[in-house]
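Step one of this worksheet: look at the structure below.
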């Protein structure tokens, strides 16, 4: 009994501490590019954090709903928890709290970011919780086949979700579209993105972004798209930098990495974690548990790399099927490793930091998400304010930015200038002027605090 209690303790505390890593990897990425999020296709260390958390949420739900005496009451509590989590996400990640160099707060409701990390977790949590409460069989479990039979309806839901996602991603027609952004002291600038395609998974013409623009509204999406660091957009790729002279028109278009359609696939990751939790509930021997975790983990990894090889690339912003399988398989291996370390061999010390973070989870999350801790660290300096621990990081206007972008490239699309009657000679002159201006500003980039380098 004590052993089972310790398993639950590690799982729940681990689940509560992982959200902080999601924020920390974003900060550390400026110092260690190797752990920054991938600009588009491919995965880095940071891209595993969110799926790992969703996975462990599923495991925890299997233990939390091991016995459900009153399904209606359990459903009510699950819905309330999900709503609370979603609302907290709106406050912490909607743009209400500003950055370390903008000591203000508040957000225009017309531009608040509607989706985010906590909102995605809330969606995956409520769907998985309802599946565990209402779609769990009553069969006795003596083997792996019995476990599959007992939870077949849950796995069927996961399969339907995956097929639905793929149908939208590869079957939705994406028309041409345009967006506008504002530059301080200048008029609004319009950008035209030519698509007219179906099944495209590139940054500018994918169904994930189109659905978010249609349903949520482009003004409510994340204003600093991850693909702005791609080779097509940034001179300093995979880091932020000045836009390339031939950068596509979509490089500054808002895009939410935690959008609606991509959050649908997050449900699948949580449901996979739920099945791993069932192994703890129904099997007592260490060897049985480890084998029933390792076999599906390796199977998902093999399938994921096969899909990636044949063109269905791993992509976090789109949360592709190959990405979901690869991260779930890796999470399963890590989970089995931690279980062997702690429960089989009794090495508790390596998890001490995770325990401490889990005990103070809410406090740590608020300190980081609301920039209280970064502001405190920024205020400790040596002789001059610029000599602080955060000085090496290129400053941003906001740490948790509102939906709409605030800065734009200087280059106006040629078609817009032609509509205004600007002669070709002046357009060419503007290009020369812009190049000279960018060259002068790049020399000052190391001392400027106006925002990301690519947006200057």
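Cβ atoms are placed via backbone N, Cα and C, with glycine included.
Marked as compositional bias 'Basic and acidic residues' by TrEMBL: 408-418.
What TrEMBL records for 434-444 is compositional bias 'Basic residues'.
In terms of DSSP secondary structure, the domain 'Heparan-alpha-glucosaminide N-acetyltransferase catalytic' (43-130) contains 57 helix, 2 strand, 29 coil. Taken from TrEMBL, the feature domain 'Heparan-alpha-glucosaminide N-acetyltransferase catalytic' applies to 43-130.
The region 'Disordered' annotation in TrEMBL covers 402-456.
Marked as transmembrane segment by TrEMBL: 48-66 (among others).
What TrEMBL lists as transmembrane segment is 78-97 (among others).
Summarising the annotation, TrEMBL assigns transmembrane segment to 117-135 (among others). Packing against the transmembrane segment (117-135) from elsewhere in the chain are residues 19, 22, 50, 53-54, 57-58, 61-62, 65, 68, 71, 74-75, 78-79, 81-83, 85-86, 88-90, 92-93, 151, 153-154, 157, 258, 263, 266-267, 269-271, 273-274: each is 6 or more residues past its ends and has a CB under 8 Å from a CB in it.
Away from its own ends, the transmembrane segment (156-174) comes close to residues 127, 131, 135, 195-201, 205-208, 210-211, 261, 264-265, 267-268, 271-272, 318, 320-321, 324 of its chain (Cβ-Cβ under 8 Å, at least six residues beyond either end). Marked as transmembrane segment by TrEMBL: 156-174 (among others).
Residues 4, 7, 50-51, 54-63, 66, 115, 119-121, 123-125, 127-128, 131-132, 147, 150-151, 154-155, 157-158, 161-162, 164-165, 168-169, 207-208, 211-212, 215-216, 288-289, 292-293, 296, 300, 317-321, 324, 327-328, 331-332, 335 of the same chain lie 6 or more positions beyond the ends of the transmembrane segment (260-281) yet place their CB under 8 Å from a CB of it. Taken from TrEMBL, the feature transmembrane segment applies to 260-281 (among others).
Residues annotated as transmembrane segment in TrEMBL: 293-312 (among others).
Non-local neighbours of the transmembrane segment (318-342) in the same chain are 6-7, 10, 14, 43, 47-48, 51-52, 55-56, 59, 162, 165-166, 169, 201, 206, 208, 262-266, 268-269, 272-273, 276, 286, 289-290, 293-294, 296-301, 303-305, 307-308, 312, 348, 350-351; each lies 6+ residues outside the stretch with a CB under 8 Å from one of its CB atoms. Among the features that TrEMBL reports, transmembrane segment is placed at 318-342 (among others).
Among the features that TrEMBL reports, transmembrane segment is placed at 362-382 (among others).
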